[in-house]
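J.: The structure follows.
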């Protein structure tokens, strides 16, 4: 889960990491420090440190009078819920609770935790909110392949024309399909940015119970528990509604061959987006690679800059809309 990769954690095993927390190269946010509290095990017995050999510091020994139950309770201290700070009862479904948070919702939802979320009491509804990452390519890539073949054969008939005026039109040639496809993927990156910024990160009115609940179901739950692997991609059944709407709009606006070619490029862009999004949370990209930069950028969005850094597959659109996550200075 660590943005810089697990190697950075393992190399520092048994060492005081206070300097690394302050940076450079990265000053950890308040959310990152709060996140660490979930993994509390015990206090270090600094008197037992062997400074000459650099051996690991040992945990304070638990008094012999401590029962096994009390020891387990101390180790799992991070699992306890303080209702005064968490504001919700984690033992119950959260979908019906978050609406009552009102003005506290925005702050609460952007303080991430490492614990699973249950949205609904009903097992059927709960199961339909979870999706394995591989379901996205399994469902949508056959559609992409079929529509790509269909569009190419349709354009090969040389009957698809784009009318500029009533008297002037341009023939859409079959060899233009790859370029239209790529343009569709580029358009998706813009749609992805807009949905993420203006829909997923809308600020629901504090007095509106249902808008708060809707926001939590759409995206808030992902920010509250960003490493819930079952909710990192969209369920195909829900995604199909939005995808069908985009298809119908393009079919109304453009000739069939052109509109469907743009659509299939956008659909492929969506699949790439969902796969990259999952990888940014659970993958370990090589340092210095494009995905390594995206992972660090996206985790900053989750932990520190929730009102910036809306690009997932690319940071391109953050620049013209002035939502780039600023670089830290020391």
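Just so it is clear, glycine is given a Cβ too, placed from its N, Cα and C backbone atoms.
Okay, these came from TrEMBL:
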type: DOMAIN; residues: 1-45; note: domain 'Cytochrome b5 heme-binding'
type: REGION; residues: 1-29; note: region 'Disordered'
type: BINDING; residues: 2, 28; note: heme binding site
type: COMPBIAS; residues: 13-29; note: compositional bias 'Basic and acidic residues'
type: REGION; residues: 46-71; note: region 'Disordered'
type: TRANSMEM; residues: 133-155; note: transmembrane segment
type: TRANSMEM; residues: 175-195; note: transmembrane segment
type: BINDING; residues: 196, 201, 219, 222, 223, 277, 281, 298, 301, 302; note: Zn(2+) binding site
type: TRANSMEM; residues: 232-250; note: transmembrane segment
type: TRANSMEM; residues: 262-280; note: transmembrane segment
J.: Checking distant contacts: for the transmembrane segment (133-155), what same-chain residues at least six beyond its ends satisfy Cβ-Cβ under 8 A?
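T.: Hits for the transmembrane segment (133-155): 172-174, 176-177, 181, 229, 232-236, 256-257, 260-261, 263-264, 267-268, 270-271, 274-275, 278.
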J.: Cα distance, residue 301 (Zn(2+) binding site) to residue 28 (heme binding site), nearest Å?
T.: 13
J.: Counting other CB atoms within 10 A of each CB, which of the binding-site residues 2, 28, 281 comes out lowest?
T.: 2
J.: Tally the residues of the compositional bias 'Basic and acidic residues' (13-29) by DSSP class, grouping H, G and I as helix, E and B as strand, and everything else as coil.
T.: 5 helix, 0 strand, 12 coil
J.: Can you grab the distance from residue 223 (Zn(2+) binding site) over to residue 2 (heme binding site)? Cα atoms, rounded to a whole Å.
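T.: Distance between the two Cα atoms comes out at 16 Å.
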J.: What's the CA to CA span in angstrom from residue 281 (Zn(2+) binding site) over to residue 2 (heme binding site)?
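T.: So the alpha carbons of residue 281 (Zn(2+) binding site) and residue 2 (heme binding site) sit roughly 9 Å from each other.
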J.: Would you mind reading off the Cα separation of residue 196 (Zn(2+) binding site) from residue 2 (heme binding site), to the nearest angstrom?
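T.: Here the two Cα atoms are 23 Å apart.
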J.: Pick the one among the binding-site residues 219, 301 whose Cβ has the fewest other Cβ atoms within 10 Å in this structure.
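T.: Looking at the binding-site residues 219, 301, the Cβ with the fewest others within 10 Å is that of 219.
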